[in-house]
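Visitor: Structure provided below as C-alpha cells; questions to follow.
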C-alpha cells in the first residue's frame, strides 16, 4: 500500500518570488546570455539545426595558347598545348612549361663524368669499373679521361653528352605562357541531399564560353582563367615564378546552404602559392622535372633530346560542406537549450545565498 501510494502521488515545486533587484538582474542576464548563445552561435553561426554533408568532386582542365622560342639546340620552335602541357591529363592538376635546359643529340656512349669531389681522378686506379653513384650520370668504365685541359674525371657509360643543368636562363623562355588560358570543368555532388551541380552554370552557353574570361567583377562565373591573372591574385609575379617554376593552388569553395534556392549555391574561387618560397630557406626552389624526346638516325642509332622542364603546376583543390534543415538536430539542440535554461534556477539560488550572507554579515557588523 505504501508503494502504491507513492506511485499515485503528484508533487509540485514550491515557487518563491524574491523581489530583489540584484537577484532579478543576474537571473535575467543569465537568461539573455543563454538565449543569445543559442540564437547567435548555435543557430546563426553553426547552423546546428541542419544536417551536413561533404562535397564529392571531379575536375577536368583544358589549356589553350601558343608560344614561340628560338634557342640554341632547338632553333625556332612554336609551342602548342601538346608541347608545354605535360602530362596532358593530370588528377585535378595541370602543368605548364615556362623555362627549360635543353641537351640535344644525346646517344648511348661513353664520356667524362661531370667533375665533383667523387669523380675527379688522377689515374685509372681512382675509378672503379661498374660502380655507379645515385647522384651521378652513369656507370663508370674504370678509365680516367680528360674532362678539360686541366681536369680529369672518371669515364661513364651514359647518354652523352651529359646534361649541364646550371645554365638556366634568367628569364623564362616561354614568357608568352602568361597569356595562356585554362578551362576548368568542375562537377560536385552532395550525395546525402542528391544535389549535383557544375561550375559551368545552366545559363552559360557555348557562345559565351568562346569569349568570356574570369573576372571577379564582370565575369565571376566564367570558368576560363588567364594564367597571369591567377598568379597575380595569389600576389605573385608570373615572370618571376615562371623562371624556376612553382606550385599554384586553385581553390574552389562549394560551401552551400541548401535551405535557399539552388541558384544561390555556386563556386567561389581563390588562388594561393603552395610551394615554399621563403628567402631564408631557399634550397631547391621552384618546380622542375625531366623528359626526353627520342629519335632514330638514318643509321638506326637511337638518340634523344633531354629537356629539364621548369614551370608552374596548378593544383585544383575543391572543398566545401552543405547543410539542410532537419528535424532531428533541431529537436536535439532545442532540448539542449531548454536544459541549459533549466540550470538558471540553481544559479539564481546560489546568487541569492551569497546576497543573504553578505546582508547578514553587514547587519552583524552594525
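Note: Cβ is positioned from N, Cα and C throughout, glycine not excepted.
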Visitor: Per TrEMBL, which of 26-44, 83-101 is transmembrane segment?
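Guide: Checking TrEMBL against the ranges 26-44, 83-101, the transmembrane segment one is 26-44.
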Visitor: Can you tell me which recorded positions out of 63, 111, 121, 144, 288 are within 10 A of residue 154 (disulfide bond) by Cα, answering none if there aren't any?
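Guide: Taking 63, 111, 121, 144, 288 one by one, the ones whose Cα falls within 10 Å of residue 154 (disulfide bond) are 111, 121, 144.
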Visitor: With Cβ-Cβ distance below 8 Å and at least 6 positions apart along the chain, what are the contacts of residue 111 (disulfide bond)? List them in sequence order.
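Guide: Result: 155, 156, 158, 160, 161, 162.
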Visitor: Considering Cα atoms only, can you say which of 144, 212, 288, 290 is the nearest neighbour of residue 256 (disulfide bond) among these recorded positions?
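Guide: Of the recorded positions 144, 212, 288, 290, 212 has its Cα closest to that of residue 256 (disulfide bond).
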Visitor: Would you work out the biggest C-alpha to C-alpha distance among 62, 63, 64, 181, 288, 289, 290, 308, the residues that bind ATP according to the record, and give it in angstrom as a whole number?
Guide: 24
Visitor: Enter the number of other CB atoms within 10 angstroms of the CB of residue 308 (ATP binding site).
Guide: 16
Visitor: Taking only the Cα atoms, work out how far residue 308 (ATP binding site) lies from residue 222 (disulfide bond), in Å, as a whole number.
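Guide: Distance (Cα to Cα, whole Å): 34 Å.
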Visitor: Out of 63, 181, 212, 289, point to the one nearest residue 127 (disulfide bond) in space (Cα versus Cα); all of them are recorded positions in the record.
Guide: 289
